[in-house]
Amino acid sequence: MTSTQNHPLQTQDDQQRFGQSPESVRETDHYQQEYIEDFTDRWDRLIDWNARAEAEGDFFIRLLKEHGARSVLDVATGTGFHSIRLLEEGFDVVSADGSPNMLARAFRNARNRDQLLRTSQADWRFLNRDIHGEFDAVICLGNSFTHLFKERDRRKALAEYYAVLKHNGILILDHRNYDRLLEGGSAVRQGKGNVYCGKDVEVGPEHVDEGLARFRYSFSDGGVYHLNMFPLRYGYVRRLMSEVGFQQITSFGDYQRDFENPDFYVHVAEKEYRFDVDTTMH
């Protein structure tokens, strides 16, 4: 008799509903099945809040303050790392996510830090249906935008972000350096990188092609999970932002303005139209 406990990969893949051909699962809506409760319960071990805070420093806080932002919509709240940090810094934050399991974990994390999250489960493609009001900034962090597999979905989500911003608002969006992965390179140059900093989990790609980056998350307690994501290229994301209507777009690599082959990109897209600005700025 075979015990399912001896085959955590099979069991957890089944729970995430990847089926017999996981590499063929390339659907935007599937992320809801991927973030099962067991996985979200381990997510903070993947991040390691203290290590990530040290890696980021005050990068996002400084960016928001430089642009005069006070009200922030976090559209990819996850377990609440950025929402809670911003609340602690005095920002007015609304926290949204498409995964109810993630939002539940974020709410508990905030409560444990004497903060109260205002949460909303929302689909980015219909953001204005669920989120009301305008914001100084929208943040979409944690490599979250890669859950959108169709270009139509990506354009619609960006348009929804644009619509909830005030006339001079900004969008801050990050993603992995998928260009390097698609060209045969590694996910991180060395160590754990500066986003997923947990020491008891191994993260790496199992399959990469132009339409899919399938990552494996192996925890020290035997838990193994996967995420299927769309590999966003650097230039493509910038072009898409511009075509949706954002004006000046400034990009960073691993939180630095001057970069070469970083692990992660961060794009800051400004909504405000100014006559004297070169919108081709990199």
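The backbone N, Cα and C atoms fix where each Cβ goes, and this holds for glycine too.
According to Swiss-Prot, the S-adenosyl-L-methionine binding site annotation covers Tyr35, Trp43, Arg52, Ala76, Asp97, Asp123, Trp124, Leu141, on the basis of sequence analysis. Mapped onto three states, the DSSP output places Trp43 (S-adenosyl-L-methionine binding site) in helix.
The DSSP secondary structure for Asn143 (substrate binding site) is coil. There are 22 other Cβ atoms within 10 Å of the Cβ belonging to Asn143 (substrate binding site). The substrate binding site annotation in Swiss-Prot covers Asn143, Arg176, Tyr217.
Sequence annotations record features per position, and here Swiss-Prot assigns compositional bias 'Polar residues' to 1-23.
Look at Swiss-Prot and you will find 1-27 tagged as region 'Disordered'.
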Mapped DSSP class for Tyr217 (substrate binding site), helix or strand or coil: strand
Cβ atoms near Leu141 (S-adenosyl-L-methionine binding site) (within 10 Å, other residues, all chains): 22
Cα-nearest neighbour of Tyr35 (S-adenosyl-L-methionine binding site) within the listed binding-site residues, Asn143, Arg176, Tyr217: Tyr217
Candidate binding-site residues Asn143, Arg176, Tyr217, pick with smallest Cα gap to Ala76 (S-adenosyl-L-methionine binding site): Asn143
